[in-house]
Amino acid sequence: MFSKILSIVVIMFFSLISFGQKESMALIEGGTYIPLYGSDSMPVNVVDFKIDKYPVTNAEFKEFLEENPKWRKSNVIALFADGNYMRHFKNDTELKEGELQNAPMTNVSWFAAKKYCECQGKRLPTLDEWEYVGMASEKRADARTKDEYNKFILSWYEKPNSYNQEIGSTFKNYWGVYDMHGLVWEWTQDFNSVLISGESRKDVDGSNDLFCGGAAVGSSDLMNYAAFMRYAFRGSIKANYSVRNLGFRCAKSINKPNQ
Amino acid sequence: MNAKDIKAVSEMKAELTAPPFVPKSTADREATKLKVDMEILEETGEMADGVEYVYWTFGGSVPGSFIRTKVGDEVEFTLKNHPDNKLPHNIDLHAVNGPGGGAASSFVAPGHEITFSFKTLNPGLYVYHCATAPVGMHIANGMYGLILVEPEEGLAPVDREYYVMQGDFYTKGEFGEQGEQPFDMQKAIDEDADYVVFNGSVGALTGDGALQAKVGETIRLFVGNGGPNLVSSFHAIGEIFDRVHVEGGDLINENVQTTLIPAGGAAIVEFEVDVPGELVLVDHSIFRAFNKGALAMINVTGEEDKDVFAGTIQEGIYLPEGGTIQSMPSDDEDDAKEETAAVELSKAEKMELGKKVYGSTCFACHQADGQGIENAFPPLANADYLNDDVNRAIDIVLRGKSGEITVNGKTYNSVMTAQNLTDKEVAAVMTYIYNSWDNNGTEVTEEMVRKVRKK
């Protein structure tokens, strides 16, 4: 009897915590999906997790810098952030003229993004998690076969200077997550786990599992093109790179009751 | 000597030029270590009057900067991807002997630069382009240009050299549709081009951008075709190519009317200009020239030579058209286009719209400043025939005209097709014409057009 009461209290306690996170994170129900790399088209399993509804903003990152001075522009170790790090800041604390507080934080290295998430008790999403959430349109969990969805993504990819917009300015997807497409690229934990050689045409041959021939050579399927461009982008960057159009958001695993 | 054994003795920074210009000849220098510094920019430009397009460029122009090297050069190539760019890029130079033409070694993220090197072994004119996935899209957005590898002694000196490169473009809206037009991947896959242009946009090489030459000069054109899809039937209306370096290589063909330039290929064409006037460069897949923009001009000035050309222009046999859909002259009144009642435009608005309509419909024949082409297309500038009778002029636009007419004392016997324009467009374009080039300043109203249409 006593233990039953305790467990109810514990449940209430947990639900309070999760209520706090409800504000900023969306719950993603796991499932399997077939990613667009790999010649064997192996389905990938994604377990339930949470992801930030919005990319991390300039203002949020500034708060992080106040508490973590060693990640400021003037202090950061070159190994962890290249010369473009925080390029849109005048100094350690102030944005340049015309930059929006509430726009996604960019010019940020993978190391800095990872540290930011850790300080929030979170982590970067895995590539598979990100792609899984990224498949969703406003209405569907997987909209990759929809023409309009793919056209939206492709037209964004070729539009310059979309980074300086407020978060939430693009669509809210099936999971309640904003700005997966249309604002900035986003870091993932294992962004370079799919290696591409830099010569994307070569990646179509049989000796290489990447950018399988079915997708790159024979396909006229728009959805592959949108994904190719993400993989090509990821293939071009290194963890210390800071890029004007590259931001991030954090994710969190869901603790199993017995952990 | 084998090109591989040529030693580069010195070092220099490569001169890069935006089209239509080319760097100076390499004939006077030894093989060298040539430092090429190229920046990739993604930026909005104008595809046609009032049509915006986001170009991806090598060096800020389409085609990209011209690179001039010679056999034996050791090229040290630095590719910079501007920090504001959204995408990674690379470069595949067809002049390179090596995997991917340098593509694998030059893959570079936004905000970064990369340096690689190669030795030029084979003389010729070569295309370079971006080869990042999806390759077709990068090329379709303008990522191509030319690199010349001159033979040891250099190319023979000529009076003028120019850089012209064809490309096909695929936009969400049809040809001429105003505003920002995004790339259309499906049309690109279907090879259904909305624009086929020289040097990146409609009219890049006409009007103020026309190439210049003088009678008696020898002209060399470095002509490339970026594609991504279409093969060019490159032709100069009113000129025969004296020499063509076929496909940009060693083979020289002489006395060529039209030379085929494959997508991802090039040719060097040379000709002496014999008479004054305007030479028109076209892709002789001719609807591309008159309806999709593949048209450029060479303005030749100097003394006439009646022995070479007595004044009967054969090119009049075309029925050159503008971008508007046209029909042959007709007395049929059923053609009248349904018109929705709308507010008459102000004169300023008419001038603005009229200029655009002129650019897409009239300009191919009547020319940028209304001067026409002598003996073929009558002038509109300061033209008595036009100024004498506005209703007759409206009628010709609506129903076309064939047979002999006299304009400013000269006789023309040609065909103008009926133009498929709305009353609003006719009023605008005619107001524009009447208020340009010393004409009498008549303002044409939609009502006037309607009356003539109902006649």
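Including glycine, each Cβ sits where the backbone N, Cα and C put it.
Automatic prediction, not curation, is the source of TrEMBL annotations.
Among the features that TrEMBL reports, Cu cation 1 binding site is placed at B:His89, B:His94, B:His129, B:Cys130, B:Met143, B:His284. Taking the Cβ of B:His94 (Cu cation 1 binding site) as reference, residues of its chain lying under 8 Å away and at least six apart in sequence are, in sequence order, B:Gly101, B:Tyr126, B:Val127, B:Tyr128, B:Ile147, B:Gly264.
Reduced to three states, the DSSP call for B:His138 (Cu cation 2 binding site) is helix. Annotation source TrEMBL lists Cu cation 2 binding site at B:His138.
The domain 'Cytochrome c' annotation in TrEMBL covers B:349-437. Taking the domain 'Cytochrome c' (B:349-437) as a whole, pLDDT averages 88 in the prediction.
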*10 Å Cβ neighbour count around B:Met143 (Cu cation 1 binding site)?*
30
*Would you kindly give the Cα-Cα distance separating B:His138 (Cu cation 2 binding site) and B:His284 (Cu cation 1 binding site), rounded to the nearest Å?*
26
*Once the chains shown are all counted, how many other Cβ atoms turn up within 10 Å of the Cβ of B:His89 (Cu cation 1 binding site)?*
26
_Using a 10 Å cut-off on CB atoms, tell me which of the binding-site residues B:His129, B:His284 is the least crowded._
B:His284
*Within 10 Å of the Cβ of B:His138 (Cu cation 2 binding site), how many other Cβ atoms can be counted across all chains shown?*
25
